Structures are given as structure tokens and as C-alpha cells.
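Engineer: Annotations for this protein, taken from Swiss-Prot, read as follows:
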BINDING   C12, C48, C87  [4Fe-4S] cluster 1 binding site
BINDING   C162, C166, C169  [4Fe-4S] cluster 2 binding site
DOMAIN    3-124  domain 'MTTase N-terminal'
DOMAIN    148-380  domain 'Radical SAM core'
DOMAIN    383-446  domain 'TRAM'
Amino acid sequence: MSKKLYIKTYGCQMNVYDSVKMQDLLYPYGYEPTENIEEADVIILNTCHIREKAAEKTYSELGRIKKLQDARKKQGLNSAIIVVAGCVAQAEGEEIFTRTPYVDIVVGPQSYYNLPELISKVVRHEKHLIDLDFVEEAKFDQLPEQLYPQGASSFISVQEGCDKFCTFCVVPYTRGAEFSRNVEQVYREALKVVSSGAKEIMLLGQNVNAYHGKTSDDKVFTLADLIRHLVKIPNLERLRYTTSHPIDMTDDLISLHGLEPKLMPFLHLPVQSGSNKTLKAMNRKHDRDYYFDIIDRLRKARADIVLSSDFIVGFPGETDEDFADTLDLVRKVKYGQCYSFKYSPRPGTPGATRTDQVPEHIKSERLTILQKELAAQQLAFNESCIGSTMKVLFDRDGKFDDQIIGKTPYMQSVYIKNPNKDLLGKIIEVKITKAALNSLSGEIYR
């Protein structure tokens, strides 16, 4: 009789990738995935620590799981094994057992390949097991090949960790130093997902454009080299990468956007602030003019490229003038979509120790203003697509029986009616007929 595995994933695409790998790791040990937490024998929360709210979601969910465990106990059923994985695990470690003593395992993002052994120890009645080692090479050497197809679009982790040490960010402390997978590993995984039906691959990394992976003969590949290598794979039709740091946007990578048709004309390039003073305080290692120059060069290389970004409002010391500079940058760049957040002090980071914290109500006011501007830009871009014909990769069912959803080269969701679902996994030309803030609607172009 098979055992059931439930995984809940928080945060970035890297965590989504890691969750898939956890699933693949445990399948040979008899654990089959389920979406029903009540029938799970093992429950894994793969967590995010980038903001306080994200971290507290973990403890809220653990509280709900505790109630589920108590109910099972009353019914005479076995308790599930509870695992906290990911960046909250790495950052808080033993504190998780203190706050939630019913958790069995705490495992970091670089050591989850040990989950089969850790779970087997819990089955043998060991408790409060923790593994937070930083050994990236061991992680990627130990991870299995893909067992479950990811669908028409697949994630592949090629780079992990960060050496930039932005003063607001916990990633260097939770994911470790920058590390690049070797080229052959990445290529084999790409071949596997394409043979399983993927038409698109998203290359993942905390600073993916800092990729410097080695070949079997010790030649070092940049991200541009890796992309040129991967696009040769038959039946791979689209390639993307995220997340990028402006200072690692090389001339070669920028020019590749204009030369390689399989590289999609959409780039997520976080800037965080439009104020030079704030950028310096954040230790971003560039100023606004440098960022503008990167954008100009990208648009010269490929005129139809669309940008997205991340913004933090209310970083310590941010003044009204600094915030005005951020709005000015947003209006000059004109983004297709963006993510924006209030600054959240993270324990252990330099930003958290500053005495010039911005009051919460000012952060909220600034975020409202910024998000209004970003939403207007996103809607304007979506509306500009009405009447055009776009190639859409259909990758999932819609809410209604006769509906399927795909994405454009610019990562916009597109809804169409297709009762037979025969277009899933295919790239089809669609005429865009309607636009909303977060999606497009269309019909098959005949």
C-alpha cells in the first residue's frame, strides 16, 4: 500500500523546483503525491523567509496541521510526519522545534536530498531531526532525475545562492554562496524534461546571470554560453531565465536577446529602488543611470523586449524625495508587470539594525501609490495587445470545463474556450480580443 506525501510550497520558483525534487526523491520509497493533506503520511512545508509575513505563514499553517494531528489522534489514526523545509528552516533552525515541538524534521534548501534518511529515522521513532548543511555540490549530485512530468513549461535550477549581500536580503544566509551546476547536469535535465513534453524551460537562480558552470573538460560557461548550448535541443521552443541582477548583465547576454529567437522577449530585472541614495544603502552595487543603460541596451538589442522588476518601498532612511525617484524610474522605464513590497526587516541583515526605520503607515501609503502606477502600466501594456496575434503556450486547464490557459512570450495569461483540451502542451497563434489587469482573452487565429 502506497504512502501519501503532501507538499505545500511558499515563495519563489526555486522553491517550486525544490518541491518537485522532494517529490521525486521520495517516490522510490513509496510516497505518492496527494493534494489532500488529511490523507498524508508525510507533510512538507517548503518555506520562504524573504519577508516576515511569508515566514509567519509557516507557523500559521503549522498551527492548522497541529489541529489536524490532534483530530487524527482522537480517531486512533497515526500522526503524519511533519517536515519544515526551505529558507525558514535554514534561518530559524532549532527555534522551530521550540515554537512548534510537534514538528519532526527541519531541513535546509541545500540538504533536503537527505529527506529519505531523515524520514526513515522518524519512522524508527527518532524526533527533532535537523539538517542545515551547505553543500551545494552534494545536493545536485544526489538529486534524482525527473520522475513526474512538469508539463509544457519546466523549471531547471542552474545556479543557487548569492554573493551580493544586499542589506535587506536573507538569501546569502539561507541559500549560501553563489554556486553553479555543471553544464552536463543541466543539459541532461533539460533533455529529460523536453522528452517528457516540455516546450519551454525556465532557468532558475538567485542570481542566474552570474552562472559560471563548468563543462566536463573544465571549460567555464556563462549564462549566455549555456543558453546557446540548450537551444540546440530538438523540440525545445522557448527559453527563459530568472532572477537577474543588473550588474551581471553582460554584453554577450544582452546581445543574445537580439540573436536567439528561442530566448523569450521578456526579462525580470529587479532594481528595488529608483533612488541612488537608497540603492547605495541597499548595497545594490549600481546606480539608476547604470540600470537605465542596461534597459536601453536591451531594447536596442531587441525592440520588442518587455521588462518586469521588483521594488521595495520604505527601506530605512527612504525620504519622500527618494520615493519620488522610484516613481520617476518606473515612469521612464514603463514595465509590463512588476512586484512591489513594503520593506520587512529580516533578522541578521544590516538593514534590520538601522535606527532610521520608516513608519509603517508611510510604507503603506507609498506602496499604494507605487502599485497604482504599476497597475496602470500593466493594464496599458495588456490593452496594447488587443487585436494582435500572439503565440501562446497552453499549459493548464481553466476554471471552467471548456476553458484552457496559456502564456504569451511576455508571461501574460491567456484564456480561450477549447472544449476538447486538445491544445494543451502546444504553441498556437491566438488573436487577443480582451485585456484585463492580470490576463488576456482570445480566440484561435484561423
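Our numbering is plain: 1 for the first residue shown, then up by one each step along the chain.
Cβ from N, Cα, C; glycine included.
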Engineer: May I have the list of same-chain residues other than C162, C166, C169 whose Cβ is within 8 Å of the Cβ centroid of the recorded [4Fe-4S] cluster 2 site, in sequence order?
Structural biologist: K164, F165, F168, V170, V171, P172, Q206
Engineer: Starting from the Cβ centroid of C12, C48, C87, the recorded [4Fe-4S] cluster 1 site, name every other residue in that chain with its Cβ within 8 Å, sequence order please.
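Structural biologist: Close Cβ neighbours, site residues excluded: Y10, G11, M14, N15, T47, H49, I50, A54, G86, T174.
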Engineer: What does DSSP say about C87 ([4Fe-4S] cluster 1 binding site): helix, strand or coil?
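Structural biologist: Helix, per DSSP.
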Engineer: For C169 ([4Fe-4S] cluster 2 binding site), list the number of other Cβ atoms lying within 10 Å of its Cβ atom.
Structural biologist: 21
Engineer: When you tally the Cβ atoms that lie within 10 Å of each candidate's Cβ, which of the binding-site residues (C12, C48, C87, C162, C166) has the highest tally?
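Structural biologist: By the 10 Å Cβ neighbour count, C87 comes out on top.
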Engineer: For C166 ([4Fe-4S] cluster 2 binding site), name the DSSP secondary structure in the helix/strand/coil scheme.
Structural biologist: coil
Engineer: Taking every residue in the domain 'Radical SAM core' (148-380), what is their average pLDDT?
Structural biologist: 96
Engineer: According to DSSP, how is the domain 'MTTase N-terminal' (3-124) divided among helix, strand and coil residues?
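Structural biologist: For the domain 'MTTase N-terminal' (3-124), the helix, strand and coil counts are 67 helix, 25 strand, 30 coil.
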Engineer: Express the distance between the Cα positions of C166 ([4Fe-4S] cluster 2 binding site) and C12 ([4Fe-4S] cluster 1 binding site) as a whole number of Å.
Structural biologist: 18
